[in-house]
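Working notes, structure below.
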């Protein structure tokens, strides 16, 4: 249905040497330290995504403290959730320059700082800056590396690994809701945010666990992937894939030239330092600073070059049509999952089902089944006879059907069944990094997935206010679900059409065919 990473050819460079000489596989790939990466990502989802889903507790405290409108106060939570995802492409730049570990540690400090500064808020607008922006950017700097590192450490069981790590969102929703409720009751919301900021410093520990793979490990990983795909070499390369591959070679040649120039700069600085041994200590100290600055400049230039070429250069990700269709889908998909969480309590109230909902809330049903959905869909997708892409599409079709039929249900049992299906089918979120990696390859996963979660962030930021605006006009929530469901269906249609278009693209003739 879609072009795999081998078909697209995103592994730039000549791997002929790798393919001709077998390399012993790294034990940390699909095992060993890889499971510590899963644990780290699991804890990140608890501390970031789980706490964001529990912000309703703090939102009630803010309403009472600042006496502002519900719409204005709700923007604090929306900004935090939206910015966490929207900054994805820019976090890709940090990953290119500093790596996942350093980016996550810096993000953990920034996230904790946002929580602590918010404890001293004097008005809602102050929270926009401290909690919405500061804590939101910090969350994004930890969230993206947590997803990318799991993709780098797993090949055979990627879907299962991503499913296990992302279940932290569901567990975090329960744990953080109970924790924040207890802290607010016992210590007040300001002290609760201060304590939560201290807890968020554990994100730095999670970042420290994100040990990067050595270049040797990456080479062995490439060989393992390539050896598994040799039986499928008869597949035709699409036109867009060929364009990306050719552009990638050109970009790598220019990158090598830049590296050679940078090495000359560093060597010249080193020669100057060696020649100046007889000089005073101050001169030597200045030369060491110059060398450090030069090395840092080289690192920044190299990281920015990779980031820029991925988005705007000759080897831009946007030349991959299937990936562009995936972005369009992401713009419409996430709001369909967020809207039920926002408006279900009001729907239950309109249908006079509050007594039953208080016993077992419908949103809790979605959260619980969502945990099992991620794990089960991950296990199914890793089966040899099952296509991850087909599982992803089936889950999307199930979710959009539930969104369109939910307004028709007017009893608690029927709503509970639909909510359970929404929770299970939305488990495809764990497959998103897997599908993204299949489209662009491991090398470009950070930048590509940054774009995808940015699109999700826009959807999460604008979806609920749009649904509320529709309610203000029609005085019904039905149209909010219908419109979001139809837009979601448009995104799914893009996913279905684009691979078919690519299959029809004429492939270049091989040497044997040309001779015949």
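Just so it is clear, glycine is given a Cβ too, placed from its N, Cα and C backbone atoms.
What TrEMBL says about a protein is an automatic prediction, not a curated fact.
Quick look at what TrEMBL annotates:
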TRANSMEM  33-55  transmembrane segment
DOMAIN    37-503  domain 'Major facilitator superfamily (MFS) profile'
TRANSMEM  75-96  transmembrane segment
TRANSMEM  103-121  transmembrane segment
TRANSMEM  127-148  transmembrane segment
TRANSMEM  160-180  transmembrane segment
TRANSMEM  192-210  transmembrane segment
TRANSMEM  322-344  transmembrane segment
TRANSMEM  359-377  transmembrane segment
TRANSMEM  389-409  transmembrane segment
TRANSMEM  415-436  transmembrane segment
TRANSMEM  448-467  transmembrane segment
TRANSMEM  479-497  transmembrane segment
Segment proximity, the transmembrane segment (33-55) to the transmembrane segment (127-148), 3 or more C-beta pairs under 8 Å: yes
Dominant neighbour of the transmembrane segment (192-210) in 75-96, 160-180, 389-409, by Cβ pairs under 8 Å: 160-180
Paired segments the transmembrane segment (448-467) and the transmembrane segment (103-121) in contact, 3+ CB pairs under 8 A: no
Dominant neighbour of the transmembrane segment (33-55) in 160-180, 389-409, 479-497, by Cβ pairs under 8 Å: 160-180
Spatial neighbours of the transmembrane segment (160-180) far in sequence, C-beta under 8 Å, 6+ residues away: 34, 38, 41-51, 53-54, 56-58, 146-147, 150-151, 153-154, 192, 196, 367-368, 370-371, 374-379, 381-382, 427, 429-431, 433-434
Per-region confidence, the domain 'Major facilitator superfamily (MFS) profile' (37-503) (mean pLDDT, whole number): 77
Segment proximity, the transmembrane segment (389-409) to the transmembrane segment (415-436), 3 or more C-beta pairs under 8 Å: yes
Long-range environment of the transmembrane segment (322-344) - Cβ separation under 8 angstroms, sequence gap at least 6: 2-3, 53, 240, 362-363, 366, 396, 399-400, 403, 406, 419, 422, 426, 435-436, 439-440, 448, 451-453, 455-460, 462-464, 466-468, 471, 477, 480-481, 484-485, 487-488, 490-492, 494-495, 497-499, 502
